[in-house]
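What follows is a single structure, written as structure tokens, with notes after it.
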Amino acid sequence: MVFSWPKPRRAPLCGLAPRCLWLLGMVLLVDVSARPANHSSARERATNREQNEILPPDHLNGVKLEMDGHLNKDFHQEVFLGKDVDGFEEDAEPRRSRRKLMVIFSKVDVDTDRRISAKEMQRWIMEKTAEHFQEAVKENRVHFRAVDPDGDGRVSWDEYKVKFLASKGHDEREVADAIRNNAELKEVLENLKDRWYQADNPPADLLLTEDEFLSFLHPEHSRGMLKFMVKEIVRDLDQDGDKQLSLPEFVSLPVGTVENQQGQDVDDSWVRDRRKEFEELIDSNHDGIVTPEELENYMDPMNEFNALNEAKQMIAIADENQNHHLEPEEVLKYSEFFTGSKLMDYARSVHEEF
């Protein structure tokens, strides 16, 4: 299949989702939270999952960057908790949550020495990432049936387009008029169509099978689609057109007036987090430039080398005694990093729960 990239270059990412998804929100009147895009929580995203079931999601569990180029703020929780990522609610009974966390600790601690090594954490991260993959496959099976009502195992772009617009409240009989009379909606569909064509494996027939539809919704499952996702992100962030990212481009602040100190703190946090990620993890040869290949390696959820780096980073966050291992007291003390919830009385409770 010969694929032509859209010629118009998108505006750089400035704290907003890429233009197509931003326009989608405007056109379809999606209710968006006012909080910064890269601070949305896994629980909020899960709430909206069903209403966007046939739209490629902005968030992919266990992947370092969102589809719009923001850092995945819940990444460490997702790769530590796996499918139990929503099991630690803020209002959950603390004793029960501590017990659950110590059960997870015991599973990670394969050699039962009451310490988690980097190798043990690496193995666990790969296992939990695989869980997210399996969950995506399961959900995709349901979503594919929604766009393949005749059950022939193949869906055309036109079939998907009608189902997608109908799922957002547009009458199927008025789809053509809606597209013809709305330039923004037309651009949204053109971007989705580009992605549809990329998911269509050779020999190209413009019909997606269930596996190809999985790549359409979840590019992390396909090397070709992962490359496509990286190219999209680079295009949104790249300001000088050299098809790679410098540190200033990667840490560019979101557009918006900073009205108070709290707003300035958010901006400072944005820059600090992205600078650290760029310098320590993405720019693998430390030359100050991130190439598409480096970004692809960084985003590949099944990259074992990355998993080991993440394991070391996660241990370093809570390793107060600097022995390069995690112990029960440390995991409980830094529970918010691992689970998203603060579990108090960690030191006194560790002997009760473990």
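Easy rule for this one: first residue shown is 1, then count along the chain.
Cβ coordinates are placed from backbone N, Cα and C, and glycine is handled just like the others.
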Of the residue ranges 40-59, 80-99, the one that TrEMBL records as region 'Disordered':
40-59
Could you tell me how many residues in the domain 'EF-hand' (135-170) are helical, how many are strand and how many are coil under DSSP?
24 helix, 2 strand, 10 coil
Count up the helix, strand and coil residues in the domain 'EF-hand' (96-131) according to DSSP, in that order.
27 helix, 1 strand, 8 coil
How about long-range neighbours of the domain 'EF-hand' (270-305): same chain, 6 or more residues beyond its ends, C-beta under 8 Å?
15, 36, 38, 60, 62-65, 71, 122, 126, 129-130, 132-133, 220, 226-227, 229-231, 233-234, 243-247, 250-251, 253-254, 313
Near the domain 'EF-hand' (96-131), which same-chain residues lie under 8 Å Cβ to Cβ, leaving out any that are not at least 6 residues past its ends?
62, 78-84, 87-88, 301-302, 304, 307-308, 310-312, 314-315, 323-328, 331-332, 335, 338-339, 341, 343, 346, 349-350, 353-354
Across the domain 'EF-hand' (135-170), what does the mean pLDDT come to, as a whole number?
88
